[in-house]
Amino acid sequence: MINYLKSFFLYEIVRGLTLTLKYFFKPKVTINYPYEKSPVSPRFKGEHALRRYENGEERCIACKLCEAVCPAQAIVIESDERDDGSRRTTRYDIDMTKCIYCGLCQEACPVDAIVEGPNFEFASLTHTALIYDKERLLYNGDKWEQELTNKLHKDYQYR
């Protein structure tokens, strides 16, 4: 009998509407994404970048540790030996469609040449635009150098 009266007076609907009205006047939890951005952790792993030294020389010494440690095999490196006996890369490609953003390349690098930056907005309509060559990676490093330095400084205590 009680169940019949509850269904007759639409008890469930009234209960649902009171719950809706209760949350209607509370502050919103969601973020209006393109116009508002949530804070990003200093340990966030985003778009890759190659860094340079202060004198403008690239940091990568072509040890190929990042290529060896990459579980997705997204990194391809070719190198040449210079006149002074050191090696530098002639080709450094990362296929961002294969990358799983694990950060192992960054951890394996002995000179902090390859890092994952704060940028996560790099969507593209074509597959070829997501295959980053050395120039694109160096451009990202130059563009994000200050933020990358701050990020590495904050993360240094955990390394």
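Glycine too: its Cβ is placed from the backbone N, Cα and C atoms.
Sequence annotations record features per position, and here Swiss-Prot assigns [4Fe-4S] cluster 1 binding site to CYS60, CYS63, CYS66, CYS109 based on sequence analysis. A coil conformation is recorded for CYS63 ([4Fe-4S] cluster 1 binding site) in the three-state DSSP classification, outside any helix or strand. The local packing around CYS63 ([4Fe-4S] cluster 1 binding site), expressed as other Cβ atoms within 10 Å of its Cβ over all shown chains, amounts to 16.
Within its own chain, CYS102 ([4Fe-4S] cluster 2 binding site) has LYS45, PRO71, ALA72 as residues 6 or more apart in sequence whose C-beta sits under 8 angstroms from its own. Secondary structure from DSSP puts CYS102 ([4Fe-4S] cluster 2 binding site) in coil. For CYS70, CYS99, CYS102, CYS105, the entry in Swiss-Prot reads [4Fe-4S] cluster 2 binding site, with the evidence type sequence analysis.
Residues of the same chain lying 6 or more positions beyond the ends of the domain '4Fe-4S ferredoxin-type 1' (51-80) and with a Cβ under 8 Å from any Cβ of it are 86-96, 98-100, 102, 104-115, 138, 141-142, 145, 148. Under the heading domain '4Fe-4S ferredoxin-type 1', Swiss-Prot lists 51-80, citing sequence analysis as support.
A Cβ distance under 8 Å defines the sequence-distant neighbours of the domain '4Fe-4S ferredoxin-type 2' (90-119), meaning residues of its chain 6+ beyond its ends; these are 40, 44-51, 58-61, 63, 65-66, 68-80, 127, 130-134, 137, 140-141, 144, 147-148, 151-152, 159. Residues or ranges marked as domain '4Fe-4S ferredoxin-type 2' in Swiss-Prot: 90-119.
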Report summary line: For the binding-site residues listed (CYS99, CYS105), most other Cβ atoms within 10 Å of the Cβ sits at CYS105
Report summary line: CYS70 ([4Fe-4S] cluster 2 binding site) sits from CYS60 ([4Fe-4S] cluster 1 binding site) (Cα to Cα, rounded, in Å) at a distance of 16
Report task. Can you check which residues sit near CYS109 ([4Fe-4S] cluster 1 binding site), meaning Cβ under 8 Å from its Cβ, same chain, 6 or more apart in sequence, and list them in order? Result -> LEU65, CYS66, VAL115
